[in-house]
Amino acid sequence: MSTNHIQPLLDLLYQGKSLSREQAFEIFSALIRGEMSEATMAGMLVALKIRGETIDEISGAADAMRAAAKTFPYSNGDNLGNGIVDIVGTGGDGFNTINISTTAAFVAAAAGAKVAKHGNRSVSSKSGSSDLLAQFGIDLTMSPDTASRCLDALNLCFLFAPHYHGGVKHAGPVRQALKTRTLFNVLGPLINPARPEFMLLGVYSPELVLPIAKVLKALGTKRAMVVHGSGLDEVALHGNTLVAELKDGDIIEYQLTPADLGVPLAQISDLEGGEPAQNALITEAILRGRGTDAHANAVAINAGCALYVCGIADSVKAGTLLALSTIQSGKAFELLSQLAKVSSETKE
């Protein structure tokens with residue numbers, strides 16, 4: 001396992017210097033190809049973490065992961081006009097909440113958005129998006145062709161990250177051994193193989209909001225809201241949400257309150273989740289229009305911001321109202337049932 005060709009780049013990192021986007025692409029491409037020892041990988045990730053990753057380094061790492069990903073056939077290979085939105089969080093916020101972004105994906109799709117949600121097994125909560133979907137019989141490892149058909153027919157598909165990003169497995173043991181956040185914690189939401197034009201992206205730290213918006217701009221995302229909601233990696237119902245909105249090539253920063261979104265404040269304890277089976281019951285109740293007010297509102301403000309970002313609603317408040325009416329209609333639950341059926345029709 002030779003890393004001779006990237007040793008000069010590693011030396012730059014060990015000296016506390018920054019890599020260019022192209023250099024970061026090269027070093028992460030080597031990692032994905034399995035050309036890097038675990039010791040070297042650990043040294044690289046820690047060197048980046050201690051200095052603090054730059055916009056170019058995060059962008060270059062994302063470029064490498066995107067280039068190596070299994071193709072999603074719906075994508076036209078760039079960000080031109082596919083109309084797709086992703087509602088995603090980095091995870092790792094330390095709170096064990098209900099599956100807000102996953103549930104919001106069904107609501108946004110039922111309200112007319114085209115949602116390709118890129119997800120993985122749980123990071124911080126007891127039940128990540130894929131854990132929840134398995135409870136409903138949705139085939140997590142559906143082939144790219146099946147996922148594309150789901151997106152065409154139902155406006156919604158789920159892309160299971162390990163199915164598209166095989167090379168990430170090389171970093172698994174090192175990430176577990178380091179027991180600390182690394183660049184990989186923010187890469188997941190940036191490497192959706194559907195290349196969404198629009199994104200609602202939640203981050204685990206307020207310090208990441210602006211940098212990740214800048215990365216999305218560098219990666220060619222058309223419109224996005226990067227959010228951190230009072231400790232959560234999503235739009236908050238229990239406090240203020242920091243936002244960096246990317247629109248027309250500009251990034252503007254502001255804060256949103258629940259009142260701005262047209263809903264009352266709630267306590268974080270009102271959103272506590274459980275094991276996958278319990279969270280599935282909660283999600284089903286919300287999607288049938290029978291959830292608690294706090295649950296429905298938490299999902300609606302996130303779905304609403306996604307509806308705003310992709311242009312279906314002209315404000316976050318209008319988006320939230322549309323999301324709430326969609327929840328009450330039960331359309332989102334019908335969509336869940338249809339997705340379970342279509343996703344499991346053609347198992348590979």
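The backbone N, Cα and C atoms fix where each Cβ goes, glycine too.
The 5-phospho-alpha-D-ribose 1-diphosphate binding site annotation in Swiss-Prot covers Gly89, 92-93, Thr97, 99-102, 117-125, Ser129 and is backed by sequence analysis. Under the three-state DSSP scheme, His118 (5-phospho-alpha-D-ribose 1-diphosphate binding site) falls in the strand class.
Feature annotation from Swiss-Prot assigns anthranilate 1 binding site to Gly89, Asn120; the stated evidence is sequence analysis. Sequence-distant contacts (6 or more apart, same chain, Cβ under 8 Å) of Gly89 (5-phospho-alpha-D-ribose 1-diphosphate binding site) comprise Ser101, Pro189, Leu201, Gly202, Val203, Tyr204, Asp233, Glu234.
Residue environment of Ser101 (5-phospho-alpha-D-ribose 1-diphosphate binding site) contains 26 other Cβ atoms, counted within 10 Å of its Cβ in all protein chains. Ser101 (5-phospho-alpha-D-ribose 1-diphosphate binding site) falls within a helical segment according to DSSP. Annotated Mg(2+) 1 binding site per Swiss-Prot: Ser101, Glu234, in sequence order.
Using a 10 Å Cβ-Cβ cutoff, Arg175 (anthranilate 2 binding site) registers 17 neighbours. In three-state terms derived from DSSP, Arg175 (anthranilate 2 binding site) belongs to a helical segment. Residues annotated as anthranilate 2 binding site in Swiss-Prot: Arg175.
For Glu234 (Mg(2+) 1 binding site), the count of additional Cβ atoms within 10 Å of its Cβ stands at 28 [all protein chains shown]. Taken from Swiss-Prot, the feature Mg(2+) 2 binding site applies to Asp233, Glu234, supported by sequence analysis.
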Discussion item. Are there any residues at least 6 positions away along the chain from Asn120 (anthranilate 1 binding site) with a Cβ closer than 8 Å to its Cβ? List them or say none.
Written reply: Gly91, Gly128, Ser129, Ser130, Phe160, Ala161, Pro162, Gly188
Response to the item:
Arg175 (anthranilate 2 binding site) to His118 (5-phospho-alpha-D-ribose 1-diphosphate binding site), Cα to Cα, whole Å, comes out at 20
Discussion item. Which secondary structure state does DSSP assign to Asp233 (Mg(2+) 2 binding site), in the simple three-class scheme?
Written reply: coil
Discussion item. Using DSSP and collapsing to three states, where does Gly89 (5-phospho-alpha-D-ribose 1-diphosphate binding site) fall: helix, strand or coil?
Written reply: strand
